[in-house]
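**Student:** Please read through the structure below; I'll follow up with questions.
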Amino acid sequence: MHPVLRQMRPPPQQRQEQEQRQTCRAPSPSPTASGGATSAADAAADGDYEPPRRRARHYLDLEEGEGLARLGAPSPERHPRVQLKRDTREAYVPRQNLFRDREGEEPEEMRDRKFHAGRELRHGLNRERLLREEDFEPDARTGISPARAHVAAADLVTAYEQTVNQEINFQKSFNNHVRTLVAREEVAIGLMHLWDFVSALEQNPNSKPLMAQLFLIVQHSRDNEAFRDALLNIVEPEGRWLLDLINILQSIVVQERSLSLADKVAAINYSMLSLGKFYARKIYHTPYVPIDKEVKIEGFYMRMALKVLTLSDDLGVYRNERIHKAVSVSRRRELSDRELMHSLQRALAGTGSGDREAESYFDAGADLRWAPSRRALEAAGAGPGLAVAPARAGNVGGVEEYDEDDEYEPEDGEY
């Protein structure tokens, strides 16, 4: 109800008194009425009966208010917010990713151990087990209750499964992005130009034109500082990894033209996996690398590969090709008043011409029709002293039409 109308209503106490008086004056039921009507009349006589309209109005008043206005609800189940929460509730399981959550807080190699432990416990865990009170009593030998051990194992299995699902989604998203970018022709052209540019910059790092072009290219990558810094220092040792990545992507996308789209996506994934393993072993100086660190390095190279392909797409659209597109008349810009008056002035100035010229004046390019000079007509064979050659068949107006290949000689005084 509108707040203004709500203010015009009588106070609740006065409304209750009016409704009680109306209830007391209610007519007695007929003897032929059903038992339900008789019981309702008896309840009204005792003062416990509440008419349906009054109950509906009471619930309506409760739903209109907020906060304390809802304290008069008959039961918690009738509370609007409780009903909304019950209708929208869902089983909440907190998201976990053993590879990426709580960065810098886990002990070294603990993520790897949790991941492998969850994978091993997944087959022997009883998912239908119901914990009872005796399960929470600690064991005399280990000091750990069976319930605590079961909950810990269930947490490890849940974390393992959620980690696997999130990594699967990350890999699918990467494949879809790579497939979409590699399928574009602009990406291949832009990657070819980018590779050619970085190769020239590597051979001549002190070239000022190349450095100026490098700053222009960097303007397309503003959202990732690591990629931006590596691109600015691509000729330095700390940017060598980006140069290797561009070379690998160029060899797959540009050089191998016979590969299908799926093969190119697979080759890029294999390259990211190989680069991740190589640099992970180079960091840890050992063939054994924790799986979480290896996955993080692979994810870094995947993001950088997407940055290179996106940058190639931005560079590939800068092609000096003239685009021929038919634009409908309705999409052209209309003439301004000044342009319209100028066209009208030219139209009025050419009113004395022939009828055909007047009819075709507003055709495309009709007002820009070129008429040859007198000397050009004489040189074409009209004879000396004749200003206008005999009209050709179908030429009205006394001016002979010539092709664009005809020679043009300026008159005396023309330049």
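Including glycine, each Cβ sits where the backbone N, Cα and C put it.
Since this is a predicted model, take the numbers as computed values, not measurements.
The compositional bias 'Low complexity' feature in Swiss-Prot is assigned to 31-46, 381-394. Residues or ranges marked as compositional bias 'Basic and acidic residues' by Swiss-Prot: 76-85. For 400-415, the entry in Swiss-Prot reads compositional bias 'Acidic residues'. Taken from Swiss-Prot, the feature phosphoserine applies to SER75, SER360. Among the features that Swiss-Prot reports, region 'Disordered' is placed at 1-56, 66-85, 381-415. What Swiss-Prot records for 1-173 is region 'Interaction with packaging protein 1'.
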**Student:** For the compositional bias 'Basic and acidic residues' (76-85), what does DSSP give as the number of helix, strand and coil residues?
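**Tutor:** Taking each residue of the compositional bias 'Basic and acidic residues' (76-85) in turn, the totals are 9 helix, 0 strand, 1 coil.
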**Student:** My understanding is the cutoff is Cβ-Cβ under 8 Å with a sequence separation of 6 or more in the same chain; which residues meet that for SER75 (phosphoserine)?
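**Tutor:** Residues satisfying the criterion: none.
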**Student:** Going by DSSP, give the three-state secondary structure for SER75 (phosphoserine).
**Tutor:** coil
**Student:** On the 0 to 100 scale, where does the mean pLDDT of the region 'Interaction with packaging protein 1' (1-173) fall?
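**Tutor:** That stretch averages a pLDDT of 71.
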